[in-house]
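Just below is one structure, and these are the notes that go with it.
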Ligand SMILES: Cc1cc2nc3c(=O)[nH]c(=O)nc-3n(C[C@H](O)[C@H](O)[C@H](O)COP(=O)(O)O)c2cc1C
C-alpha cells in the first residue's frame, strides 16, 4: 500500500493502524530553526482527542505525542521530523464479531477486494485514528506558517441544522465541544445529536475552515493550484464526500454580477468588496481569506442492522457495536484545519522556491 505521503516540499507521511502499537508521521522538508517542542503539538491533538463529550466516541486515548527526530534544543534541524503516538486503548475484542463481515459504509470490502488481506481491528489503516497524525503534522505546519497566518475551523451544519451566518461568532468555537460558532444553534444540535445517539443512529455535518493572513501568490498553475491541492487534502479525510472553495456549489446559482468580487485601490492597497472566490483566483491566493467547506457523511457504524456480506460470500445483517461517534463531523474540525495548514505550509515553501521572498509586485 503506497500513497501515504502528501505535499511536495513540506512532505507528510503517516504510518500505523488503529490497533497497532503506535501511529506516527514523518515530516520531511520542514525548514530548519523553527522553534518546536511537543507542547506546540499537544494542544491541537487534545482538540481532536476522543471522549471529550457525550457526542464523540468514548474510546479513551491520551494521544500523547513524542518527537523522535528532527528537533534539537527546541528547534527544527531541517532533517526529517518523526512524531509518534502510542495506542493505549486498542480493545480488539470490540471488533471480533466483524472479523469476517464487511461493515457497510466502511472501507472493509474495498480494502479486501483490492489487497486481499484484512486488518479488521477497528478498520486498520482505514480507521480515522490516522487523522491524529495529520493533526500533529498540521501543528508543525502552523509553526512554519507563523503567527501572521491564522487557520480556524468550525462546524457549520449538523444534519439538516445549519448555523445562521449572521450569528456566527468565531470566538465561541473553542468554548464548546461541538466547535459551534452559533450559540443559538448549539442547543438545537445538542438535542438533535442526543436523539440520534439514543436511536443508535448517526448524522452528517459540514465543516468550514478559514485561513486568514495568507499572502497573495500561493498556488501554482496549472496542476499545483492552491484550491485543487486543498480539495485533495480535505477530500482525503475519512468520511468526506464533498469539498467547496468559496461559494462552491452555490456559485452555480449566482449571476456574473453577483459572483464578481469587485476590486478597488484604497489607501494604496488592493481591496476586494466580497469573497465569493474563497481567496483563490486561477489557483493562486489573492490575500483574501481562504475559505473551504467540506461535507462529512453520517457515521457508518450504527446500531440498526444493515444488509451486508461476509468474506465467504454469505448474506448477513451487520450491526456495528463498539464505541462510535454519532457525528464524526465534530472531530473532523481539527483535522480539516490541519490539512489546510499542511497545504499552505507546502505552498508557502513552493512559492519561495520559485519566486524567493520578493514582495508581490502590485500590492
Ligand atoms: C475524526 C473521524 C472519526 C471517525 N470515527 C468513525 C467512527 O467512530 N465510526 C465510523 O463508522 N466511522 C468513523 N469515521 C469515518 C470512517 O473512518 C470512514 O467512513 C471509513 O474509513 C470509510 O471511508 P470513507 O467514508 O472516506 O469512504 C471517522 C472519520 C473521522 C474524520
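Every residue gets a Cβ built from N, Cα and C, even glycine.
It should be emphasised that the depicted structure is a prediction, and the values quoted were computed from it without experimental measurement.
Among the features that TrEMBL reports, NADP(+) binding site is placed at 48, 54. Taking the Cβ of residue 48 (NADP(+) binding site) as centre and 10 Å as the limit, one finds 25 other Cβ atoms among all the protein chains shown.
Residues or ranges marked as FMN binding site in TrEMBL: 125, 126, 127, 238, 239, 282, 297, 298, 299, 300, 301, 323. Long-range C-beta contacts of residue 127 (FMN binding site), restricted to its own chain and to partners at least six residues apart, with a cutoff below 8 Å, comprise 17, 18, 238.
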Looking at the binding-site residues 54, 125, 297, the one with the fewest other Cβ atoms inside 10 Å is 54
Could you round the CA separation between residue 299 (FMN binding site) and residue 54 (NADP(+) binding site) to a whole angstrom and send it over? 15
Does any of 48, 54, 125 have a Cβ within less than 6 Å of an atom of ligand 1? These are the binding-site residues; tell me which, or none. none
Restricting the comparison to the binding-site residues 125, 239, 297, 301, which residue's C-alpha is spatially nearest the C-alpha of residue 54 (NADP(+) binding site)? 301
Three-state secondary structure, residue 125 (FMN binding site) (per DSSP): helix
